Amino acid sequence: MSETYDFLFKFLVIGNAGTGKSCLLHQFIEKRFKDDSNHTIGVEFGSKIISVVNKFVKLQIWDTAGQERFRSVTRSYYRGAAGALLVYDITSRETYNALTNWLTDARMLASQNIVIILCGNKKDLDADREVTFLEASRFAQENELMFLETSALTGENVEEAFVQCARKILNKIESGELDPERMGSGIQYGDAALRQLRSPRRAQAESIQECGC
């Protein structure tokens, strides 16, 4: 059975190893916690269709390895990404301090208008927190990022992170800031959207033929 959707967006999940990136992806796709998760080697992939602002959007999500030895491999997957979850662990100052490097890579290597949401993961471990909500919120504001704290364990704000990112991309499409037909935008029209685009064009062509212009 073929899938019907209006748009396809390429997403990345980036950040240091051990921040729970694979668990976030698994919680989003499967609606359950992946308790046997190991560090990603290279890149993992998942996809899901979501409803956003009366549109069906298929997200193709690339979960990249956080270890430095895989960076040269994973950077090749940045090209043409429309959105990204930039993930740190609220219980690890080290993962937070690395955010600037990940952000630089994303903005240099992905599409020029990539939409990024900062995710402070492991919100369920608040008692072990090393990074405050306020300082992460300030970092997000200074770098023009959206921001949520998430828990891959409980599912809190996991779907919301992907939906918020997709919604902002849709808003940019509607405003003309993003063009799905531009090479490397990380966005493609789905069958449903293409049918809507072709219908007015077909009607216009038929009108021209009828008037003999």
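Each residue, glycine too, has its Cβ placed from N, Cα and C.
The structure displayed is predicted, hence computed values, not measured ones.
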Swiss-Prot lists motif 'Switch 2' for one of the ranges 15-24, 25-34, 65-74, 135-144; which is that range?
65-74
Among 39-44, 93-98, 183-188, find the range that Swiss-Prot records as motif 'Switch 1'.
39-44
Of all the binding-site residues here, ASP63, ASP124, which one's CB has the most other CB atoms within 10 A?
ASP63
Alpha-carbon spacing, GLY20 (GTP binding site) to ASP63 (Mg(2+) binding site), which is rounded to whole Å:
10
Work out how many Å separate ASN121 (GTP binding site) and ASP63 (Mg(2+) binding site) at their Cα atoms, rounded off.
15
